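Look at TrEMBL and you will find 7-29, 49-66, 78-97, 109-127, 147-166, 204-225 tagged as transmembrane segment. Marked as domain '3-oxo-5-alpha-steroid 4-dehydrogenase C-terminal' by TrEMBL: 109-258.
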Amino acid sequence: MASDQTLFHHCLLTLYIIALPTWISLYFLQAPYGKHNRPGWGPTISPPLAWFLMESPTLWLTFFLFPSGQHFYNPKSFLLISPFLFHYFNRTVLYPLRLSRNTTQTRGFPVSVAFMAFGFNLLNGYLQARWVSHYKDDYENEELFWWRFLGGLLIFVVGMWVNVWADKVLVGLKKQGDGGYKIPRGGLFELVSCPNYFGEIMEWFGWAVMTWSWVGFGFFLYTCANLMPRARATRLWYLEKFKDDYPKDRKAVIPFIY
């Protein structure tokens, strides 16, 4: 037990330590996939396979760890972990399927980037699953649990709807015409360049509220550090590619703010 607590605390500290370097590095250098794909990052694999492999630890590691937790027989722990698993079932299984069916792109996904993402998902999957199944200590506070869970779940569901909707729009654009990139239109795309990232940031803010923990907040913080610089770079990419055709009043990721 002591060794697991030590591992848990070290992993949690690591999650916070890597957030700032991630923000800084991605502010100047974008991970080379999607719109920012470029050579020089080693061998590649198909994007659907990359997404499946690198996101998968969030599922299989959760299922592996949960039975060993002291809250395994508490229905609230299963209820709490469900949104996390639902998001990653979409990201690990459904999203790669949509990519493989609806796009004609031939550019690969760098194995090096997929490996780094796999490592992060091992770290984060362990933290979130272990917290919910074992270390969370306020399940018995009925009123607080339900207020936090329901309030956070509302934010999470809205964010996931935005995320999935925006992903569908972007994937759908790739199969139109010659399969190249086009300016997304409609909905939140009229306000920000990356509503898919905005939705995901909302999701993990909702998760932080639901779990009411340093673990959940650390994941939210890292999500911001990862996605906000990428959203900024994506907005600049659109402006450079489409020039005056791209609406300059669109923010990067958070409507009216950033």
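Placement of Cβ uses the backbone N, Cα and C atoms for every residue, glycine included.
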**Fill in**
Lying 6 or more residues past either end of the transmembrane segment (49-66) yet within Cβ distance under 8 Å of it, the residues of that chain are 33, 72, 77, 81, 84-85, 88-89, 91-93, 95-96, 99, 109, 111, 113-115, 117-118, 121-122, 124-126, 128-130, 133
**Request:** State the non-local partners of the transmembrane segment (7-29) in its own chain: residues 6+ outside its ends, Cβ under 8 Å from one of its Cβ atoms.
**Result:** 123-124, 126-127, 130-131, 135, 214-215, 218-219, 221-222, 224-226, 228-230, 232-233
**Item:** Secondary structure content, the domain '3-oxo-5-alpha-steroid 4-dehydrogenase C-terminal' (109-258) (per DSSP, counts of residues)
**Value:** 111 helix, 4 strand, 35 coil
